[in-house]
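Comments concern the structure below.
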Amino acid sequence: MLFLLLPLLAVLPGDGNADGLKEPLSFHVTWIASFYNHSWKQNLVSGWLSDLQTHTWDSNSSTIVFLCPWSRGNFSNEEWKELETLFRIRTIRSFEGIRRYAHELQFEYPFEIQVTGGCELHSGKVSGSFLQLAYQGSDFVSFQNNSWLPYPVAGNMAKHFCKVLNQNQHENDITHNLLSDTCPRFILGLLDAGKAHLQRQVKPEAWLSHGPSPGPGHLQLVCHVSGFYPKPVWVMWMRGEQEQQGTQRGDILPSADGTWYLRATLEVAAGEAADLSCRVKHSSLEGQDIVLYWEHHSSVGFIILAVIVPLLLLIGLALWFRKRCFC
């Protein structure tokens, strides 16, 4: 039954290569099904190339939505129409199957099923595939070696679920083929179609700021790095050539334009900040690291403060005198 949740992987073979893309890549389809009661349900489906969403499913029109100009890969409109029909039919059957077995499996409404399936590439070669199902956000079952296996922590419910799924070996064979054969060909074709976008280099911008005070006599220094692509980046607070091990990196977050943002913080005593710097390494910089010195940031801040405060005072005095003239 669960092979029906992978129709976006069921694409035709495509040529392609992953030249220039050295980091591990994956293509996966995520299916989230929310069952509020026996008749009310919600369906969310998306396709992802690593961290980049490339496809989604419009439940109202029952169509695949291509989020990038190259998301279609090398396939014709007719081929994608066939996939939409396949997806529509199999999604309905998947809902019916889960709802049919909900009572037998002791699924209590409301509940949520999450499925993620796909394949991985490393240095242009297939390195593995995966298909996992979660129930209520917890690991439940996974597909391995052509059959469904329960997670040990999932208990008897998961064992019974696997027993149901493994009754039809033909469907398991289809699932295995989708993961081990069709998906790798699809991701290679997708990489070829999106090569210009995926291999672009966008230089980061960086700036420094104060963070919330960590306590009396201490400062939080913040180094912001934004607008870079691809995602891998190295950011570190330095004292001379010595890396500061207290550097805390946040998550690398996506921006609306498809680039990335990161901030790195460091807490120090106020008197120890002067000779610190933030260093940024990124492939787009071609070895010319960005280095920002905290003492320069502080000097600029004092200059701005020295200019703005008197200016505000002059404006205030001018408004006060003007008000007195009208009285």
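Placed from the backbone N, Cα and C atoms, the Cβ positions cover glycine too.
The record in Swiss-Prot pairs C223 in a disulfide bond with C278, which is drawn from C162, C278. In Swiss-Prot, C119 is paired through a disulphide bond with C183, chosen from C183, C325, C327. Per-residue pLDDT, averaged across the topological domain 'Extracellular' (17-300), gives 90. Neighbour density for N145 (N-linked glycosylation site): within 10 A of its CB lie 7 other CB atoms from the protein chains shown.
Nearest in space to R93 (D-galactosylceramide binding site), taking C-alpha to C-alpha distance over the glycosylation sites N37, N74, N145, is N37. Within the group of recorded positions (N37, T91, S94, T175), the Cβ with the highest number of other Cβ atoms inside 10 Å belongs to T175.
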